[in-house]
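Residues or ranges marked as domain 'Cytidyltransferase-like' in TrEMBL: 60-188. The annotation coiled coil is assigned in TrEMBL to 219-246. The region 'Disordered' annotation in TrEMBL covers 289-349. Annotated compositional bias 'Low complexity' per TrEMBL: 299-319, 331-342, in sequence order.
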Amino acid sequence: MSCHDSEYEVPFSRVSRVWTLTAPAPFADESSCQCQAPHEKLTIAQARLGTPVDRPVRVYADGIFDLFHSGHARALMQAKTLFPNSYLLVGVCSDDLTHKFKGFTVMNEAERYEALRHCRYVDEVIRDAPWTLTPEFLEKHKIDFVAHDDIPYSSAGSDDVYKHIKEAGMFVPTQRTEGISTSDIITRIVRDYDVYARRNLQRGYTAKELNVSFINEKKYRFQNQVDKMKEKVKNVEERSKEFVNRVEEKSHDLIQKWEEKSREFIGNFLELFGPDGAWKQMFQERSSRMLQALSPKQSPVSSPTRSRSPSRSPSPTFSWLPNKTSPPSSPKAASASISSMSEGDEDEK
């Protein structure tokens, strides 16, 4: 494949690669690029050595490619990298052939063609590819090798539609990717049909478009409402948990601060009122000051004592004070005692 023969020389792989990565792969029946270089027969050993040098090795891979997935892409990647310099043509069967020999597809032929054009490993797409490869088809597209998995593909009354390709030495096997296939994807959809039907009803599809009966439509819509309520309850529970967690965190912080303040208060109290506290020292100082203020200082012991004058007689003993235990019984007696006290004073004088 090339619009000009000169492009087959050295830079072909680079040009082909840029074409694949910057634009969709062209359709074979719409492209003016035809393989004009001499097309001698190659062996697999020669192709793996990088020969011929004047053109790439043209590898063909075909299939249905319904619900294009990573298993398809990996198979095409293997076909593209079989040889150092290769050009990958991918044939896609039409809806008529597919429905006749294999069964109904999810994607129509136009969708399957377009999916292949946007795979980075594909250099050219052949639409309405034949179910069984004929020599005329191989010659028309200058195909060197056919890539497919090595499992015998029984179809169209044949035990293996690639048998004659293998006998001609033009078959190169690829490996299938386990765990992924179009049948697996369809099985998942059928298994979870209710879930997908409910989701699409919620997105706006009608029951007629989904081929859902009236009763099932009502059931699915009711289940959607139930799911919405469950989601709301779940959101409320999550918010409640977040609120409780925040309250617990704040309570923990509050208790921790309260404990710190309590320890600080107790420490200050002990420092002030403890056995060696400032309050006790201040109280002792004030008590000593009060005692000093209330008790006057005593006279010095060494002060001289006054000598009694010899001219004076000892101080008389006064007996005129009334007796508290025996008060006067009458006014007369009280006057008599006063007169006697006055007489006694006169005698002393």
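Including glycine, each Cβ sits where the backbone N, Cα and C put it.
TrEMBL does not curate its annotations; it predicts them automatically.
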Practice task
For the domain 'Cytidyltransferase-like' (60-188), provide the mean pLDDT of the predicted model.
Solution key: 94
Handout entry: Long-range environment of the coiled coil (219-246) - Cβ separation under 8 angstroms, sequence gap at least 6
Key = 194, 197-198, 201-202, 212
Completion exercise
Reduced to three DSSP states, the domain 'Cytidyltransferase-like' (60-188) has 45 helix, 26 strand, 58 coil
